[in-house]
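What follows is a single structure, written as structure tokens, with notes after it.
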Amino acid sequence: MCGIAGFIDFSKKAGLPVLKDMTDALQHRGPDDGGYEVYVHPQAHVGLGQRRLSILDLSSGGHQPMHFKQYTMVFNGEIYNFKEIRRELEQHGYTFLSSSDTEVLIKGYDCWKEKVVDHCIGMFAFVIYDKQEEKIILCRDRAGVKPLYYYWHNNVFLFASELKSFSQFPGFEKVIDVSSVSLFLQYSYIPAPYTVFRNTFKLKPGHFLHLSLNTETVTTTEYWSVLEVYRQPLTDMYEGDIIRHTKELMESAYKYRMVSDVPVGVFLSGGYDSSSVAAILQANSANRLKTFTIGYKEQEFDESKEARKIAQYLGTDHTEWIVGPTDALDILNQLPEIYDEPFADNSTVPTTLVSKLASKQVKVVLSADGGDELFAGYNKFAQSLRYTSYPKPVQGLVSRMMDWIDPSLIPYFNKQYNFSSRYEKMKLIWASGKSQQALKYISQYITESEAASFLSGHGPTYKTNFDMNGELNNINDPLNRLLSVDYKTFLVDNNLVKVDRATMSVSIEGREPMLDHRLVEFLARVPSHIKRKDGINKYILKEIVHQYIPKPLMDRPKRPFIAPLMHWFRDGMKEQMAYYLSPAKLEETGLFDPTHIETLKQQYFRGERVSHQKLWNILVFQLWYSRWIGKL
């Protein structure tokens, strides 16, 4: 695990000092070692840098950049099955000087070229400089667990694990993309491939990028597609066989994620996803597994008691931390540094806090992201299917009837229930006609038109993976169609970003066992009537977990892993909100309509029913702007 950064400067001005600055901006991702190398090509200066967090092979044998033949590579991530790949390469005549998965990856690339990824079980983002072919190759893992950004403008190509590296390159243009800001206001994150800056992009999961040094051209190719996985014929296995095979795949995936030369722990919230990780690992270990939980004084948000009961039942070595607004305020001031792009998921605060807690005892921690996407856990899937299950004439009639009503004329409901905003979303949902479009609107905190009303200027409307249409035609199972969309949107650009930045901010490695591609590929072929049997979400996962933990101990209403922001806003964070959301500070930013936001803020402080997420999004953006663009 580490951070990687580099440049391909066709103006041939950048050198080692710039590369070192870019790479060392990621020191939190890799405090144990650093490597920096610049190569002079006739067309460009090529810089490759890496910061290392030693997890496998703690010796200098894993130092990067790593060389083999005409290849130089920097690599972020873990190849969990590297020992099996190594044995396969040895049969092809390769020899090894270290026990590092980095050496296995670079020699695997020499043997199989880009097909090496087909052999890999893991999470990875790597960059290879091929001196013979005179090209740069970027690659990101299938799920997008590991991040990889790139910038391509003014004869300069930059890459890095985090955007903050680019700020260290002279001439990097921090031009805010207003269309991306609109997406951020809608979803609380910026969907791939976009970023907050123009000419700056996220490399999509399951993709290679090729940069030719001679022609200065960039091309991308997809080597693994979750849509293609979901297009495969549904399995005809019996339910019991499906559950048994799923359990076998989970056991294998979880076991692989325990491969480490340093201590490993698990985030335990008490829900089915994290409990499955803790239960399976503890059942297969002679030692007590370390588990970590965050709790709140506000009981309606607190799950620490449930997590503690499960930890006691499983016999794990459990640690918990009950946090309050003071702890959150400390983290709030760090968020712009940790998430160097506007990112406002409600659970950034607790995820960062539980990472901080775990870092005192372990260097690797397992999370359970992906469970809702693979096993159909979110209620939004059922909601999307329900709205679009009505006959098209009925949907159209409801939508037209809603057009006749002006929600602003119902003041009581507006004041108590934020009625107008919700009404506009419901109109779009009823008019959507397709379940994936309904999912898009359900996933939005505000609509595109409402986002435009917050902004002073407008850019073009960007299409996202929520707007896929023809690409989904051959996914015939309606629930699986929605799972594939959520996998390509909320999972990769929200959940995985959150865990990667939170864990890396305290120099620990976050691993995602549920996103093992073997598990994804199998569950994609399981029909929806088994995933959501008799109206029970996560039916398969629950059947497996109940083999380890009694059903009465697990069954309770599902609660999201979020912080009680509404309470904290009116208490410890009120001063922050008043300052950064003041008309003067909003005018300094120059992106938002101060009058609109001031009205919203005052309504909230008066106790009216206003979506706290709207204010949280804008506060997060203002904090980000103050850190990365200009001090407010």
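Glycine is treated like the rest: Cβ placed from N, Cα and C.
As recorded in TrEMBL, the features of this protein are as follows:
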ACT_SITE  Cys2  active site, for GATase activity
DOMAIN    2-214  domain 'Glutamine amidotransferase type-2'
BINDING   Asp101  L-glutamine binding site
BINDING   Ile294  ATP binding site
SITE      Asp369  site 'Important for beta-aspartyl-AMP intermediate formation'
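Projection of TrEMBL feature records onto the structure.
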residue : record                                                        : Cβ contacts under 8 Å, 6 or more apart
Cys2    : active site, for GATase activity                              : Leu26, Arg29, Gly30, Gln50, Arg51, Arg52, Leu53, Gln64, Phe75, Asn76, Ser161
Ile294  : ATP binding site                                              : Ser304, Glu320, Trp321, Ile322, Val323, Pro350, Leu353, Val354, Leu357
Asp369  : site 'Important for beta-aspartyl-AMP intermediate formation' : Asp273, Leu491, Asn495, Leu496, Val499, Glu512, Met514, Leu515
Message = Applying a 10 Å Cβ distance cut-off over all chains shown, what neighbour count does Asp101 (L-glutamine binding site) have?
response = 27
Query = Where does Asp101 (L-glutamine binding site) sit by DSSP, helix, strand or coil?
reply = helix
For Cys2 (active site, for GATase activity), the three-state class that DSSP assigns = strand
